[in-house]
Structures are given as structure tokens and as C-alpha cells.
Amino acid sequence: MDLASKLYLLYSLFTPNLAIIAGAFTNAYISFVILLDYFKTQTMSTVNKILVALSLSNAYFSLVLFFSSIFSFVWPHINTDPYIKGFILALLIYGISSSAWITTCLCVYYFLKITSFRSGLLACFKLKIDIIVPWFILFSEVVSLGCSFLTLLPSDNSQGSSWNASLFYSLNTTSGAITTSNRFMKVTFIVICVPLLIMIVTTFPTIGSLYLHSRRMENTGTSTSLAPHRNAVCMMAWLLFLYTTVFVVFFTDFIQLFSPLSFAYWMTYNLMYLSTLVQSAVLILGNPKLKEAIKICCFGCHTSW
């Protein structure tokens, strides 16, 4: 491998891993703030339960990405072991599936809380939302484990698979060509389809319901603040945009739209590595308590300097 290839490989390793570590820390911060408040008050709201589960899932996914990338760089021989490759793939699929399904759980929660239902099954779910959410989180983890186990099937873990443990890309030491982790991308593309559809089905009706409610309040002169609902809807919209972007990235790889050496190809993969960091930022900005906590933290750090 010549010097240019070595520098390129180091750059490819450092840049995405920096975003991954930042995403892991910010998601761990969310869990820390919520759990610290729980230890003080001995109570945790339903939405905070979802946020803790989601932030822990994102942190887990970031750490698996980071360590698998480091191990692939330090011990490149693991790329030739189909069992190690299959095991790492299963861990990755579990992480991204868990994040997608718990994000869906958050969207469903806000959908039921904000949208008005006069009768029917959804109205019943709205009354029992605090009981349903923990079961929904458990369901998300079971489905994620199922998707993870499917990748361990012998037919999906063959010696001839094109997937490699460097995850999204690796640098061939002889030709310098970039090879994609096709199996990971295609499986994840399928895994994200259903959660994304549920996010779409819940987000747009919630936006419409909030808009109609705000118009009714203007006509009747009601002064009740809708700021918490607006924050929730903005969070739903940003999360939908984020997962739509992720879905498009996987779809472009699924149909092999971009050449592995093209600029567009690398831009899509950089977006993937930023996903957990962006999601943690959306969660912090969409939650007043988390936003206030980070302001206090930054102010305290500033004054201590």
C-alpha cells in the first residue's frame, strides 16, 4: 500500500469514527440527564422512558460501529472469517433496527397524545398509552433481535459473501478499489421499511391535527399554550426527515445508483455515520428539560474556565 492509500485509509477511519464517538457521548448524555432526574424524583414520564431506551440504543449502535471499525483496521484478518463477519453484522442489524423501532414508538406516542380521537380503537389506546409504551419498547427489542438472528442463518453467512467487517467500506490493499458492505446495506434497507412507513402514517396526521387545533383556538380566543405540542411535532418531523434520508441512502446502495469511487457515494456514507449524532441533537432540542440541562452544563463549564 503506497503512502497516499495509507493516508486515505487513516482519513476514512478517523473522520467517521469521530462522528460516531460524538453520537455515542451525546446519546449517553441524554440517558444520564433523564436517569439523574429519576433518581431525584423517583418518577419517570412515559416519554422519558422512550427517550432513555432510544438514546441507549443509539449509543449501543455507535459503539458497535466504532469498535468493529477499529478491530477491522487493527486486525484485518477478521475480514476473512465468515463467522466473525456474521456476528458483527448481527450486532449492527440489532442496533439500527432497535433505534428505528423505538423512534417509531416515540412517533406513535406523540401521535396518540396530540391527535384527538372521539371513539374507536385509537381512542382506547390513547387512554392506555402509559401501559402500552413499555410493551411497545419490548416489542421493538424482540423484533430487532429477530432481525439480528436472521442474519446468522447459514444461507446468509456464506464464505462467498461480499460483506466485510469494515462495515460501510474498506480499502483494497492491492488495487485501492472500494468495496461496499452490500449485505449490511440490503438487510438494513428491508429492516427500516416498516418503521419508516409507521413514522409517515403518524407524523403527518399529527401535524394536521395540531394545525387544526391551533386554528380552533385562534377562532375561540383560547390562550392555552401549544408550545409543548409544537416541540413534539417538530421533533417528529425532524426524525422522519432523518430516517427518510437514511432510507434513501440504503435505497441508492440497494439499486447501486452511485459508483463506489464517486463523490455522491461518499457523501451518502458520511450521512450514515452522522445519523446517531443528528438524532441525539434532535432529541435534545425537542425536549425542554434536556435543552435546559445542556444550557446549564455549558454555562457551568464556561464559568469554571
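Our numbering is plain: 1 for the first residue shown, then up by one each step along the chain.
Just so it is clear, glycine is given a Cβ too, placed from its N, Cα and C backbone atoms.
Marked as transmembrane segment by TrEMBL: 20-39, 51-75, 87-112, 132-153, 189-212, 232-251, 263-285.
Against the transmembrane segment (232-251), the recorded stretches 87-112, 132-153, 263-285 differ in Cβ pairs under 8 Å, and the greatest number is found for 263-285. Under the criterion of 3 or more C-beta pairs below 8 Å, with sequence separation of 6 or more, the transmembrane segment (263-285) and the transmembrane segment (20-39) qualify as touching. Listed as Cβ neighbours of the transmembrane segment (20-39) (distance under 8 Å, sequence separation of 6 or more from its ends, same chain) are residues 48, 51-52, 55-56, 58-59, 62-63, 65-66, 69, 273-281, 283-284, 289-290, 293-294. Nonlocal intrachain contacts for the transmembrane segment (132-153), taken as residues 6+ away from its ends with a CB within less than 8 angstroms of a stretch CB, comprise 46, 49-50, 53, 86-87, 89-91, 93-94, 97-98, 101-102, 104-105, 108-109, 125, 183, 187, 191.
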